[in-house]
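To start, the structure itself, in structure tokens.
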Amino acid sequence: MLDDSEVVSQFDRNYARPVSEGEVREKVGLTYHHVNVDDLEHDDEFNKLKKEMGITYQDNVVISPSSMPNYEDKLKIFFCEHLHADDEIRLVKDGSGYFDIRDDHDNWLRIWVQKGDLITLPAGSYHRFTTDDKHFINAIRLFVGDPVWTPLNRPADDHFSRLEYLRKHPLNVVHAY
Ligand SMILES: [Fe+2]
């Protein structure tokens, strides 16, 4: 079971400040598209978007207590701050959840994703995921190239993807020594 402090930190909808889509794109490189998920196979827009993004692989994941053995343990892993060598691209078919990503001040930005939201968290960005209080999300995982889902938990500051990410999205943090 999650203890109370973890539950509060994951499900408090009010701890993040409101930000615009443009600010998120500029400061952390997160991109967003809306997709009509009711008829995906015949959605020309979605197929065009996948082509533009270079998507070569996709699969489906359902995160909920009934679909996922060891749901609470999995949530703890998803909620541990990490990065990947590749972009993390998700399209929500149903349900909802939270992606948190570090901004240029190393504070959390919280993105509440719902049906039809397609987001890309850039390679090298520190982030984490959790379900919301409905405990259900059905999402398509999209990938460019061979799918590698390996999370590298923070600190992974010397990883090539982190260094590359920081070149495009420098931190605006003053360290006191
Ligand atoms: Fe991730």
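Heads up, the Cβ atoms here are built off N, Cα and C, so glycines get one too.
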Candidates H105, H127, the one TrEMBL lists with H82, H84, E88 as binding Fe(2+): H127
Residues within 8 Å of the H82, H84, E88, H127 Cβ centre (excluding the Fe(2+) site residues themselves): L83, L121, S125, Y126, R128, P151
Binding-site residues listed as H84, H127, least Cβ neighbours within 10 Å: H84
Count of other CB atoms lying within 10 Å of the CB belonging to H82 (Ni(2+) binding site): 19
